[in-house]
Amino acid sequence: MANRWTLHIAFLLCFSTTALSIDYKQLQFRQSTSIRTCQKLLRQLNGRLNLSYRTDFKIPMEVMHPSQMEKSYTAFAIQVMLQNVFLVFRSNFSSTGWNETIVESLLDELHQQTELLEIILKEKQEERLTWVTSTTTLGLKSYYWRVQRYLKDKKYNSYAWMVVRAEVFRNFSIILRLNRNFQN
């Protein structure tokens, strides 16, 4: 009788590990496709760049070196980044002359990916509690606060938006790098 339960538990553990790895592979594929779509949409948002507006928002170094992060922490980092990029682009971009349809498409893509991550990470509540209070999370939130503050200080003018657009494009490249962490 005990052997039957042991075998049953072993099958469950094997199945759950396989299911998690499949989820990460699916997540990696969907994230990379989505991020490339977002990059394509960002390229369509034209404007003039004024080099005097450039600034260093100081993205946390931890996200620059994803090989040191666990898969679930990587997924949490991507989720925080996507949520904050979404919030940035919900700001007042009317001074840019950007096509609202393109911005809406970008927001839709970001929202879908955030929702997908939410579903996948729903089972990781204990890790979420650790992640929420981590220095990486706090660093990311401070980073995006600086981006939002920069736009506000520059009164959401088109030059500031072009700087932020370039920074978000860089964020998407970082997310692609983080996404490769799911292969390990």
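If you go along the chain as it appears here, the first residue is 1 and each next one adds 1.
Here the Cβ of each residue, glycine as well, is placed from N, Cα and C on the backbone.
Looking at Tyr24, Tyr159, Swiss-Prot tags one of them with phosphotyrosine, and that residue is Tyr24.
DSSP gives Asn171 (N-linked glycosylation site) a helix state.
Geometry remark: Asn171 (N-linked glycosylation site) versus Asn99 (N-linked glycosylation site), CA distance 21 Å.
Comparing Cα positions, Asn99 (N-linked glycosylation site) lies closest to Asn92 out of the recorded positions Tyr24, Asn50, Asn92. Sequence-distant contacts of Asn92 (N-linked glycosylation site), defined as residues of its own chain at least six apart whose C-beta falls under 8 angstroms from its C-beta, comprise Tyr156. Summarising the environment of Asn99 (N-linked glycosylation site), the number of other Cβ atoms within 10 Å of its Cβ, over all protein chains shown, is 13.
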